[in-house]
Amino acid sequence: SKMTVKAVKMPCTSANVYTKVPDGGWGWTVAFAFFVVEALTYGIIKSFGVFFNDLMESFDETNSRISWIISICVFVQTFTAPLSTVLSNRFGHRLVVMAGGLLVSTGMVIASFARSVVDMYVTIGIVSGLGYCLSFLPTVTILSQYFDKRRSLVTAVASTGECFAVFSFAPAITALKEQIGWRYSMLSVGVLQLGITACGSLLRPIVIREQEEVKAQPSEESTETKYMLENEQTCTSIESIDSGVDITTSPSNVPGKTKAEPKSEEPKQHGENPVENNSTPPEPKTKLLDFSVMRDYSFICYAFFGLFATLGFFAPSLYIIPLSRSLGIGKDHSAYILSAMAIAEVFGRIFAGWVLNKKPIRKIYIELICVILLSVALVAFPFASGFWGLMICSVYFGFMLGTVAGTHIPLLAEDDVVGIERMSSAAGVYVFIQSLSGLAGPPLAGVLVDTTKNYSSAFYSCAAGMVLGAVFLALVRPCKTGLCHHQQQQQLQQEVEESTAGPPPELPDDFIDMDIGKAENSGKGSDSV
């Protein structure tokens with residue numbers, strides 16, 4: 001029992017050990033850390049547009065070349081997702097997030113001293129992009145492990161850090177630029193992003209151990225005592241117990257679970273350290289990156305959903321201001337439209353978390369409805385006219401974007417996709433696949449705009465990608481149920497084969513000597529006859 005208590009009462013710097021998913025506890029601290037990490041990663045990425053004009057003037061570059069800074073950053077962030085998974089499984093989420101925070105801050109600080117746009121490609125695009133990946137993905141993964149029933153709601157609320165950052169950082173950085181210039185403002189942002197490292201230190205690992213393992217000893221002792229009394233009532237000798245049964249608290253000695261072993265090996269086991277018999281078997285090593293999810297048809301469909309849906313995530317926020325300016329809306333009013341979109345996204349994330357937290361509910365279908373409504377919002381933009389028309393479309397789009405953007409990664413933990421056990425590896429592969437559309441989406445929309453000379457084509461391309469994503473999302477549940485049904489049929493067939501041609505059931509060891517003795521006595525009786 002002492003060993004069990006030590007396993008549960010861990011130091012504060014070690015893993016948190018629970019008998020079941022806590023749905024709270026230290027998980028609230030992890031949720032706060034995820035809120036801050038969201039603000040200092042995606043919040044900064046989406047607010048980086050405030051530096052665009054300054055960079056164009058300082059480096060004498062075009063808008064397209066400056067926009068590649070964020071495109072490279074987003075691509076590196078998503079492309080290196082499997083690396084984040086491998087490092088997290090090898091060194092733990094805490095160290096990986098802390099290292100990611102240092103990379104993010106270092107890249108942004110060095111970028112403030114850049115002399116060309118190529119320097120920005122390296123510092124913000126590659127260095128900070130890698131840091132963003134190491135910071136964001138492990139945080140959302142470990143947060144999902146701390147919650148079960150409240151997972152959707154907590155993750156959605158914590159992910160609003162990105163929206164609050166977009167709403168507050170853009171005017172704050174703009175005001176700061178007027179006082180100290182864009183270089184020192186970027187330097188201040190880099191120093192602020194050191195907060196990611198502090199948040200990473202709060203990510204304690206979590207270990208779930210079943211209740212039976214913690215309270216196993218008293219029940220097993222009572223079972224063993226009862227079993228020994230039954231042996232005494234059946235006149236079994238003490239010698240047979242010593243030589244045939246290993247008297248430990250191991251569950252393997254419960255009747256029906258014991259196996260006959262050579263008697264010569266038993267004294268050796270009793271002569272060795274008896275604590276070894278009470279120790280639990282070593283746990284299997286966790287794979288650094290489990291690519292077995294790629295054999296799961298439901299995950300493949302979900303990955304294609306993420307691939308096409310990502311086309312509609314970033315482009316609207318990039319082209320809403322140019323679209324509004326082309327309609328004759330002023331610069332200040334265009335900024336109000338973007339701010340309204342960010343505020344609506346907050347309510348969308350919270351609403352999605354509240355709905356998905358309801359029981360019983362099939363979360364994958366709720367996500368499908370939100371994706372379809374998001375496609376409608378993208379199609380509506382080209383038909384909007386005037387300030388209030390774009391404002392209504394932006395609020396509607398922001399709300400629906402929040403319902404999808406805040407839930408599509410945590411939904412990997414649902415049994416309809418891969419489950420919580422394989423979420424870490426699945427998230428790495430999923431975000432890696434997303435990187436392809438994250439890199440190609442904005443340039444593709446830009447090519448369509450340059451070709452058609454109309455910003456509406458960018459929103460049509462985003463809507464087309466979202467519709468394709470909805471088609472693959474609709475196939476996730478059928479693929480999962482079909483695969484599970486096929487596996488159940490195989491297991492049932494194996495059980496039938498084993499029951500018809502399987503070995504005879506095993507008997508407890510205490511009765512082996514008695515059966516042998518009876519056989520010898522009957523043999524002697526027949527010889528005497």
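Here the Cβ of each residue, glycine as well, is placed from N, Cα and C on the backbone.
Some features that TrEMBL has for this protein:
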COMPBIAS  243-255  compositional bias 'Polar residues'
COMPBIAS  258-273  compositional bias 'Basic and acidic residues'
DOMAIN    27-481  domain 'Major facilitator superfamily (MFS) profile'
REGION    243-283  region 'Disordered'
REGION    494-529  region 'Disordered'
TRANSMEM  26-45  transmembrane segment
TRANSMEM  65-83  transmembrane segment
TRANSMEM  95-114  transmembrane segment
TRANSMEM  120-141  transmembrane segment
TRANSMEM  153-176  transmembrane segment
TRANSMEM  182-203  transmembrane segment
TRANSMEM  299-321  transmembrane segment
TRANSMEM  333-352  transmembrane segment
TRANSMEM  364-381  transmembrane segment
TRANSMEM  387-413  transmembrane segment
TRANSMEM  425-445  transmembrane segment
TRANSMEM  457-476  transmembrane segment
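Against the transmembrane segment (387-413), stretch 153-176 shows more Cβ pairs under 8 Å than any other of 95-114, 153-176, 425-445. By the Cβ criterion (distance under 8 Å, sequence gap of 6 or more), the transmembrane segment (120-141) is not counted as touching the transmembrane segment (299-321), fewer than 3 such pairs being found. Below 8 angstroms of C-beta separation, residues 29-30, 32-34, 36-37, 40-41, 44, 51, 54-55, 58, 93-102, 104-109, 111-113, 131, 135, 138-139, 142, 173, 176 of the same chain, each at least six residues beyond the ends of the transmembrane segment (182-203), sit close to that stretch. Among the stretches 153-176, 425-445, 457-476, the one making the largest number of Cβ pairs under 8 Å with the transmembrane segment (364-381) is 457-476.
The list of residues near the transmembrane segment (425-445) in space but at least 6 beyond its ends in sequence, with Cβ under 8 angstroms from a Cβ of it, reads 67, 71, 74-75, 77-86, 89, 133, 137, 140-141, 287, 289-291, 293-294, 299, 302-304, 306-308, 310-311, 313-315, 318-319, 409, 412, 417-418, 457-458, 461-462, 465. The stretch from 95-114, 153-176, 299-321, 457-476 with the most CB pairs below 8 A to the transmembrane segment (333-352) is 153-176. Outside the transmembrane segment (153-176) by six or more residues, the chain places 27, 31-32, 34-44, 46-47, 49-51, 140, 143-144, 147, 185, 188-189, 339, 342-343, 345-346, 349-350, 352-354, 356-357, 402, 405-407, 410 with a CB less than 8 A from a CB of the stretch. Sequence-remote contacts of a segment are chain residues at least 6 beyond its ends whose Cβ falls under 8 Å from one of its Cβ atoms, and for the transmembrane segment (457-476) they are 298, 301-302, 304-312, 315-316, 319, 323, 364, 367-368, 371-372, 374-375, 378-379, 381-382, 416-417, 437, 441, 444-446, 448-449, 451. The predicted model assigns the domain 'Major facilitator superfamily (MFS) profile' (27-481) a mean pLDDT of 77.
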